[in-house]
Amino acid sequence: MSGYGLRHVARMERIKLGSVRSTWWLAIAAVVSMAAAGVGVGLGYRSHTPVATAAQILNNSLGGAILAQLLLGSLGVLVITGEYGTPMIRSTLAAVPRRRIVLAAKVAVCGGAALAVGLLASFAGYLGGQLAIRGTAIPAASLGDPSILRPVVLTGVYLGVTALIGLGIGAIVRHSGAAIGTLFGLMFVPMIVAGLFGEDGIAVGRFVPLLMLLNSIAVTSPIPGLFPGWVSVLLMGGYAAVAIVAGGLLLRHRDA
Amino acid sequence: MVSGLSAGAGLPSVEEVIELRELSKRYGGRVAVDGLSVRVRPGVVTGFLGPNGSGKSTTMRMILGLDAPDHGEALVGGVAYTQSDWPLKTVGALLDAGAFHPGRSARAHLAALAASNDIPGSRVDEVLGIVGLSGVAGRRAGTYSLGMRQRLGVAVALLGDPAVLLLDEPVNGLDPEGIRWIRELLRGLAAEGRTVFVSSHLIAEMALTADRLVVIGRGRLLAETTVAELAGGGDSLEDAFFRLTSQATDYRGSEMS
């Protein structure tokens with residue numbers, strides 16, 4: 001086929017993503033925040049009685065994902081709002097007038113990068129926790145154990161998907177501050193709302209990102225009433241798809 | 001060759017021109033462009049003149065498919081720009097001096113855009129040399145002066161060695177030396193047979209740069225003429241321009257545009 005395609009546009013997006021400092025700061029901060037949370041949790045449990053279980057250590061040492069999701073979500077937002085903040089978007093859309101390809105390339109490149117960073121961050125959280133409990137009576141958690149490996153991997157995937165939700169919101173809102181505010185709101189407000197339902201809260205709560213993360217994805221065994229971890233992650237992927245499709249429709253029809 | 005571009009490659013055929021057919025655009029209740037029909041020929045610099053707010057920038061955005069016309073169409077070489085196989089190799093455009101991410105270096109900015117149209121990396125260094133930014137290409141573009149930003153915009157326009165160039169107010173912010181540089185660059189590009197369409201609200205500058213003139217006001221075509229014809233009426237070029245646009249100027253006196 002003659003003419004440009006996803007391959008060319010993805011190369012453009014890769015150069016763009018790697019050539020601004022905010023990308024690197026956000027990625028490093030995501031990994032460091034998870035590693036630090038893991039170490040903090042491990043140190044805190046060292047002299048704790050009764051002796052913590054392997055599951056306790058693992059569940060808590062992935063808690064840095066609460067912060068990391070906001071950092072990687074912001075990374076996704078900035079991939080698109082960073083262009084609308086300046087007329088850069090016009091340079092991009094003049095070079096690639098087929099806007100769906102631009103969005104698809106951003107999804108592929110940003111999603112891939114965020115997935116890699118998310119997995120790295122998640123393993124850093126796990127590792128931080130394990131290193132901090134060495135030499136204590138607390139049992140080590142081995143990645144050879146599927147119930148340990150699963151939450152670590154799913155948390156990494158969850159973080160990658162969060163960036164895509166950010167990307168979709170960025171395409172809809174177009175303004176960095178407003179889009180990041182919207183993202184944070186969507187991450188935290190539903191959790192508060194779910195709390196208002198009292199006893200029935202869990203029926204609503206199992207659809208809420210942060211509750212899914214803390215009770216279904218980043219835990220060795222999900223709390224009863226919540227979906228299995230992989231279903232929760234798929235649900236997150238569904239949210240990301242809705243945001244991106246909505247953003248894509250708007251991107252196609254709006255003047256740049 | 002002033003442009004440093006490969007002559008011969010991409011030389012436009014006669015029909016490879018910009019053609020606007022009944023182009024119209026309104027934003028809310030305000031008419032920006034109103035039934036504009038214009039043909040821009042290759043081989044000469046065509047100046048696109050009009051007072052502030054007359055629809056020049058909107059027209060240029062519609063040629064590039066950035067804004068969708070409400071009515072009519074804009075064609076480049078007979079096809080809509082959005083259908084180009086290689087957009088940057090078809091039309092090189094300078095729309096805004098700040099159309100880059102301030103945190104990204106000029107070289108990375110050019111490399112990214114080049115990648116999207118499969119333009120080799122060596123071309124990035126070439127255009128940096130042509131616009132005189134080679135020495136500062138690694139610096140974050142946000143630290144550039146307005147004149148350097150304009151030069152970076154020109155580098156983007158030249159990136160694909162296009163047969164058609166579209167420049168919106170390229171001399172804004174340039175010092176006298178930069179203005180002369182742009183003028184000679186544009187005339188050189190036209191002399192190579194390219195189509196050069198350049199907007200300005202500065203009649204005196206256009207008189208020195210352009211051969212043909214398209215004059216608009218309130219989004220309507222007021223005149224398609226040449227510099228020689230416009231000045232031939234006896235009065236100065238500036239007076240002739242004011243006479244032409246006097247009925248079509250939205251903002252006057254103390255009003256800000």
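Here the Cβ of each residue, glycine as well, is placed from N, Cα and C on the backbone.
Please treat TrEMBL annotations as automatic predictions, because they have not gone through curation.
Annotated features in TrEMBL:
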TRANSMEM  A:24-45  transmembrane segment
TRANSMEM  A:57-81  transmembrane segment
TRANSMEM  A:101-127  transmembrane segment
TRANSMEM  A:148-172  transmembrane segment
TRANSMEM  A:178-197  transmembrane segment
TRANSMEM  A:229-251  transmembrane segment
- Message: Counting a contact as 3 or more Cβ pairs under 8 Å, with residues at least 6 apart in sequence, do the transmembrane segment (A:101-127) and the transmembrane segment (A:178-197) touch?
- Response: no
- Go through A:148-172, A:178-197, A:229-251 and flag the stretch with the largest number of C-beta pairs under 8 Å relative to the transmembrane segment (A:57-81). A:148-172
- Message: With Cβ-Cβ distances below 8 Å as the criterion, list the same-chain residues six or more beyond the ends of the transmembrane segment (A:148-172) that contact it, or say none.
- Response: 30, 54, 58-59, 62, 65, 68-69, 72-81, 103, 106-107, 110-111, 113-123, 125-126, 141-142, 179-180, 182-183, 186, 209, 212-213, 217-220, 229-230, 232-233, 236-237, 239-240, 242-248, 250-251
- Contacting positions for the transmembrane segment (A:178-197) when only residues 6+ beyond its ends and CB under 8 Å are counted: 69-70, 73-74, 77, 81, 165-166, 169-170, 172, 203-205, 207-211
